[in-house]
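Scroll down for the structure; my scribbles are underneath it.
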Amino acid sequence: MFKKVLIANRGEIAVRIIRTCQKLNIRTVAIYSEADVDSLHVKHADEAFLIGKPPVAESYLKVDTILEVAKQAGVDAIHPGYGLLSENARFARACVEAGISFIGPSPEVIERMGSKIAARTAMQTAGVPVIPGSDVALADEEEAVHLARKFGYPVMLKASAGGGGIGMQLVRNDEEMRKAFAGNQKRATSFFGDGTMFLEKAVENPRHIEVQIAADHHGHVVHLWERDCSIQRRHQKVVEEAPSPFVDEALREKIGQLAVKAAKAIDYRNLGTVECLVDGEKNIYFLEMNTRLQVEHPVTEEITGIDLVEWQLLIAAGEQLPYAQHEIPLQGHAIEVRIYAEDPVTFFPSPGMIKRFTLPEGEGIRHEYAISEGYKVTPFYDPMVAKLIVSADTRGEAIQRLGRALKQYEIEGIKTNIPMLKQVINHPVFQAGEATTAFVTNHLKVKTGRNP
């Protein structure tokens, strides 16, 4: 096992990784920007290094600086967390070349799955169903219009290198396509350095269901059941739960086997998530594969009793998976909500100083955060400031527990999306387990315009 690990990330996920490392007696090294001096991940780590100014391009994305710190601190592994450099093949390759273990899959797999077009091709070759769409890059808006007519509107125009809902737009006709193409291409180039676009037939009112997989270096691949992430705003997840209320035993078996098949097809190693859309007839379509730990990993931990960060470390250290497929538990129900520093109606960011931060306590309540009273939420990073996770024997009990916890959750000094979360869990469509990705648009009193 590793002796010292650098966490190439910030905020709650860095705190989460540090916690497991401490459990395994692994020393930890944190990195931080000038804006994160007071973040809990800096305080919890054994060592912490200032790496730059607040903008991520001047701190958390500086590969050379992070590797210099890693060498200076004498670490033998780097955990990338999620976001930032977690799915950056160049970073993973630089770690390997520096003789430092990268806690994740190989650079080649990250690169392959980082291109949605390449991922589609790989899955089709493996016999994993994909959404009908273009299998090569779109040359221009006229080709996009031609193919959209071929597949039939509405379609989703997507950036091949995209993620987090950026560079993705629902298009309903030729006029919208011509308006959307150049803007999406420009946005994708700005965010990802790659303006390659493709399109897929839009799946109307689908469920967004993903499967957690784990693969070691000894040929073993397992899935750890599914998560339902259908509650989204601007194509970004807000509420996640496991298991999915929509998935019956037959579908659970089918989607789990498909996820394992997908992982084996690309010789995957470590933890990953196979994301799918499932329509009303329970047809499954591969969407993408995330080659990292997910924000919503705690709900899987709650229903299995498995520490997923520990599994990442074990696999990266060359050990075998602790469980075979038939040994992985599935007990109870868990729901996670993301607490965002944002206006609950417009979704615009709400930076500011946290003046009060009081968390609910009790059985089946879990928190992940890196903030505290006096902490300044800045506009430099993702607005998620905390996660609230509840678990119970049944979904109904979990919803009740979540409702009580949200009533007791106190955070002052910034606006948060807690009022919106209360709307979600109190809505009869959500309570009935019938929510699709159109839930927020169709059922909540929100303005779904983009952030300025």
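Counting starts with 1 at the first residue shown.
Placement of Cβ uses the backbone N, Cα and C atoms for every residue, glycine included.
Same-site candidate for hydrogencarbonate binding, as annotated by Swiss-Prot with Arg292, Val295, Arg338, chosen from Lys237, Lys407, Lys415: Lys237. Among the candidates Glu275, Glu301, Glu302, the residue that Swiss-Prot annotates alongside Lys116, Lys158, Gly164, Gly165, Glu200, Lys201, Ala202, Val203, His208, His235, Glu288 as binding ATP is Glu275. Sequence-distant neighbours of Glu275 (ATP binding site): residues of the same chain at least 6 apart with a C-beta under 8 Å from its C-beta are His208, Ile209, Glu210, Cys229, Phe286, Leu287, Glu288, Met289, Asn290. Note on proximity: of the binding-site residues Lys116, Gly164, Glu200, the one nearest Arg338 (hydrogencarbonate binding site) is Gly164, by Cα distance.
Separating the Cα atoms of Lys237 (hydrogencarbonate binding site) and Gly164 (ATP binding site) is a whole-number distance of 9 Å. Sequence-distant neighbours of Arg292 (hydrogencarbonate binding site) (same chain, six or more apart, CB under 8 Å from its CB) are Pro80, Gly81, Tyr82, Ser86, Glu87, Gly104, Leu271, Gly272, listed in sequence order. All protein chains shown were included, and the count of other CB atoms within 10 Å of the CB of Lys116 (ATP binding site) stands at 23.
Take Lys237, Arg292, Val295, Arg338, the residues named in the record as contacts for hydrogencarbonate: the widest Cα to Cα gap among them comes to 18 Å. Glu200 (ATP binding site) sits 26 Å from Val295 (hydrogencarbonate binding site), counting Cα to Cα.
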